[in-house]
Amino acid sequence: MEEKYSSQALAGGGVLGPVDVPSARLTRYIVLLCFAKFLKAVGLFESYDLLKAVHLVQFIFIVKLGSAFFMVLFQKPFSSGKVVTKHQWIKIFKHAVVGCIISLLWFFGLTLCGPLRTLLLFEHSDVVVLSLLSVLFTSSGGGPAKTRGAAFFIIAVICLLLFDNDDLMAKIAEHPEGHHDSALTHVLYTVIAFLGVADHKGGVLLLVLALCCKVGFHMASRKLSVDVGGAKRLQALSHLVSVLLLCPWVIVLSLTTESKVESWSSLIMPFITVIFFVVILDFYVESICSVKMESSKCARYGSFLIFISALLFGNFWTHPITDQLRAMNKPAHHESTEHVLSGGVVVSAVFFILSANILSSPSRKGQKGTLIGYSPEGTPLYNFMGDAIQQSSQSLPRFIKESLKQILEEYDSRQIFYFLCLNLAFTFVELFYGVWTNSLGLISDGFHMLFDCSALVMGLFAALMTRWKATRIFSYGYGRVEILSGFINGLFLMVIAFFVFMESVARLVDPPDIDTNMLTPVSVGGLIVNLVGICAFSHAHSHGASRGGCHSHEHSHSYHGHSHSHGHGHSHNDHGHSHGHSHVSSGGGMNTNMRGVFLHVLADTLGSVGVIVSTTFIQQFGWLIADPLCSLFIATLIFLSVIPLLKDACQVLLLRIPPEQEKDLHAALEKIQKIDGVISYRDPHFWCHSASVVAGTIHVQVVSDVMEQRIVQQVTAILKDAGVNNLTVQVEKEAYFQHMSGLSTGFQDVLAMTQHLESMKYYKDGTYIM
């Protein structure tokens, strides 16, 4: 939905915030924008191919010449509009000079980084960059959300600088020191070499600088575009002046340097493609969409599509499937390996997409309302319920600080956190030493430990979420997250055990050779770390093994805990509906989350023991079959140990009556049946919500002259003794069924109520109730 801000005042005197209006008419502009950005990505990849054969200045001159020709032809800047004054011509000249400099930086960065990285770094809208600079250099940067967006942007740039392997050796061989195509490229390469960074990293910094210059250039051009009669007229005149500025330089280059182009006629279509896709189409579509849509929407959709297109072409541009999109012919039997996709650039693209989405989002200063109609007086009525349930954003440092405080407050989460820190420390030591000694075994085991840390993180997050307060949407709170966490951890372990079992069976047939040089010290170190975890989480195993369901403990001493119950009811036509809640201090019980974490640690411990045993047999006796045999034994143990966890978690998720409380609940229902004034009960439902909450609902039929609150108190007390600490009791009388029969209920419902009514007129001993 498109958001528009209205200046009308509400009846109460408040100012109306953004109001949702239909956005179906914007679909065509969104599609047009996405199509233009897709073609711009094609044009920039084509530009990179052209720059391999054409000098940088010649390339910019031809692009400016073609753009000036089309824009002067379309806009007619000399025959339409007011006459441009001499002072304005001077400003247009300065505008053209700065535009040429930015183009030089842009396309030189393209030659250094390739089209994929150039699109990721340079194709950010002014809205995104201004929001980024506002967060970095002003005190009112837009709140925590904008701060996260700025952090994502910086992380994306760092990923390109540090974790992106961009074929540096090929680039060094391509332009050895002392040989460059022209004085301009020599100067730029000298500056990059002076900074002490590789060409690819220098290109990243150059494109970031060009991006900032582009945004400042656009901001400074706004007043000039108004003075000369619009942005389109300014662009036409500026491109024309740029051609005149670059013409002498191009002539000198043509006379002093040897051209790499074999046939200029073969480059006509590639240049037309670049001019139309990169300059003309993108400029006009941006102009139209910025008028029809909000700038934030334009930036968000445009950035997302061009980044996705960049990743797509970065992987398939040299593939035969893209030959139809390429205007410039690819040399036969040639597959380029420069500027290919890497893990760093993919991660960077993800962070760029996230940052563009966050930084381009408008700061909401009013409530978001939907027009639902008009009052009899003609005043517009708006619904603001959508924002009423939204939570306010919170700064990341404060969220981390409060989360850490909550983690350290409770025993379970504190144990997980301490063991996670120990596990991470061992993991990074293992990875560092593996990289230092070039040991593939240490590196692979380090990443295996890192995967185990992810299970600990999930368990820690689940332990933290269980203490979150209930909200309007999640009215029961987040206690069941620990059940889900344990269930997912159990599934992970079962999948791991299955694959280990299958691999072990395959290795039994053909045992491979094993390098045991580093296995023993690594396994001993892992065993020590995991034994610490076994000691830390053993209480979870003991609770889970002793009682498979969920339960709560009550203490009679006041200083151990507290227990209270309350009920409230109302009677309308002799029908009472009451809720009784008893809150009991939880002293233990099955914690599925902790059991899942414990089983993960146990599996790692068994793995370390198995590696030590198999390594000993291999080193002493040369029994290669010991490794798959130990793996088979360990996989079987893991599988069998996970089954009870999954069984208990499934029972909780399926709302089964807690097994250990079945007898108590059955006895409690018999006691309820014997309460004075109670005729019968129906629809008793009891289930385990979490490790410390057993919930239940029950309908109790009573005689007409009984006091509802007394029944509620007695039923609540009986079921609380049976372990139900979150109870809803509905009291029903004979007049209630008569009242419901008179309503517009279905025939089957009325028939069932009537039959139940007849059964209520007699006690079990046959006595008739008057």
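Cβ atoms here come from the backbone N, Cα and C positions, even for glycine.
Membrane topology as recorded by Swiss-Prot puts K91 and S680 together on one face.
With respect to Cβ pairs under 8 Å, the transmembrane segment (623-643) is most closely packed against 481-501, considering the stretches 96-116, 236-256, 301-321, 481-501, 518-538. Summarised by DSSP class, the composition of the topological domain 'Lumenal' (257-264) is 1 helix, 0 strand, 7 coil.
Only residues 6 or more beyond the boundaries of the transmembrane segment (236-256), in the same chain, are considered here, and those with a CB under 8 A from a CB of the stretch are 55, 57-58, 60-61, 64-65, 67-68, 71-72, 74-75, 77, 84, 92-93, 95-97, 99-100, 182, 228. Put simply, of 96-116, 301-321, 446-466, the stretch with the most CB pairs closer than 8 A to the transmembrane segment (481-501) is 446-466. Helix, strand and coil residue tallies for the topological domain 'Cytoplasmic' (212-235), in that order: 22 helix, 0 strand, 2 coil [DSSP].
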